[in-house]
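As written in TrEMBL, here are the features:
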{"type": "REPEAT", "residues": "39-72", "note": "repeat 'TPR'"}
{"type": "REPEAT", "residues": "228-261", "note": "repeat 'TPR'"}
{"type": "REPEAT", "residues": "302-335", "note": "repeat 'TPR'"}
{"type": "REGION", "residues": "354-436", "note": "region 'Disordered'"}
{"type": "COMPBIAS", "residues": "368-381", "note": "compositional bias 'Pro residues'"}
{"type": "COMPBIAS", "residues": "382-401", "note": "compositional bias 'Low complexity'"}
{"type": "COMPBIAS", "residues": "410-423", "note": "compositional bias 'Low complexity'"}
{"type": "DOMAIN", "residues": "435-498", "note": "domain 'HP'"}
Amino acid sequence: MSLQETLGEASAAFSNGDYETALSKFDEVLLEASEESHATLHFNRGLCLSKMGHSTDAEEAIRSCLELDPARAVAWHNLGALLLAKDDDAGAADAFDRAIESAAEAGSAEQLKSSRTARAQMHKQAGELEAALALYQLVVDQCEEEGVAAPNAVLCQRGEVYCRAEDWEAAAASYQASLDAHGALTSDADTANFGLALFNAGRGQHEAGSIDAAEALYLRCLDCGRPTHALHNLAVMYMQNGRSAEAEPLLREVIGADPTHSLALTALGTWLAQEGRYEEAVPVLRMSASAAADAGDDATRHEVLRAMGVSCFKLKRYAEAIEAFQVVAEADPSNTHAVNGLKLSKDALARGEGVKAPDVEPAVGRAHPPPKAAAPAPAPAPAAARAASTSFAGAAASRAPAPAPPQAAPRPAAAKPAAAAASGDDDLPDPTADGHLGVVAAYDDLKAVPYPAGVDPRHREAHLTLAEFHEVVGMDKAAFYAQPKWKQVQQKKKLQLF
């Protein structure tokens, strides 16, 4: 049999996955072939040995090839892969760099893209984000020059690096480019990261006041693994911009999907209370308090219980109000709203006032979620993602707002969006902002001050003359009382009028 026939059998065996036979045939040819072909034969032997799992022998064969042909880019690339597999990062980096250099000199476009991608992955794993992005961009630019789409893996990996760098808009653009070019992302984890990028890009637009842009981004991420977070922030944004009627069904949708979503429960409950819909507010606030307790978030739990106490007081359900206020007052005796709310509720109950509580769970227990509203029309879903590969889903998602999360849709931990702010503001809406119980309780706690006959001591500014009022409050009396009650209360707090 001629050397050419033996070489043909070796190639056929390799193509059929019979690497042992292929290796044997390549060895036969190597014994008789001219020296000019030895580099290629050593390279092929290295491929067979690598496929058979003999990495040390494969490395030796590849090095033999490079001794004879040091400009062979693919051999440097394969050596880099072998060294990387045995955790020789320095050796692998050098080999990939040599592969890039050799491929560029030889004009081997495909090998250049492959080696740049491999080196970019190493930079990514090492946390060298700028270096990784630079190489990924070179691959994308090269593809544009050739008039072909950049590889799906390159676009998704670049999106992952942008996520790590928290450049959310660039990450979203990279994933979108992958979808546009290939119809799907490379893995479910990439889909989750795409959702994370859209979510945070939307939050950035939200914080910048670009409401239409934020709304579009939030809607696009509904099918990318973060629907509850997007719906919550979209609802918050609607509330902040006078669109509360649109916000309510979104919050109910979030709660229907996740009855323990503390932020959505808190936002909906406090808003219902502020709207005077106390019967609806109480069960939602009860669920919020329970969710906050489960999460160990005492600050939110106490704020919610105070709001629930106010709502129960409005409904003359004083026993429930006492139970809620008592928890807050015992935990924080300096909370005058809770302390005075507790006193007023006890006094009212002692006078025999109030109504019997409906058959509900205790004030700090768990209630059933409110009826689930229909979800808003979602943005078109991305095509089904292919099988998962290495990704950034865990690390990126951990930084998203409202614990997610930031793992492929778990809640991120770095910043917690509040009920009234999507950007991590922990201030909850003031449940007494309508100026009723909060004002009464605060004024009742004032030190004794002489007031003219017939003047309600809860409005200590009311007995001032017009000139005195302007001097104390800083504006005309008529203009002051023309403001919404919550603004009056806030100004009084600043002026220490109660």
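Cβ atoms are placed via backbone N, Cα and C, with glycine included.
TrEMBL labels come from automatic prediction, so no person has curated them.
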Counts of helix, strand and coil residues, the repeat 'TPR' (39-72), according to DSSP: 27 helix, 0 strand, 7 coil
Residue counts (helix, strand, coil, in that order) that DSSP gives for the repeat 'TPR' (302-335): 27 helix, 0 strand, 7 coil
Secondary structure content, the repeat 'TPR' (228-261) (per DSSP, counts of residues): 27 helix, 0 strand, 7 coil
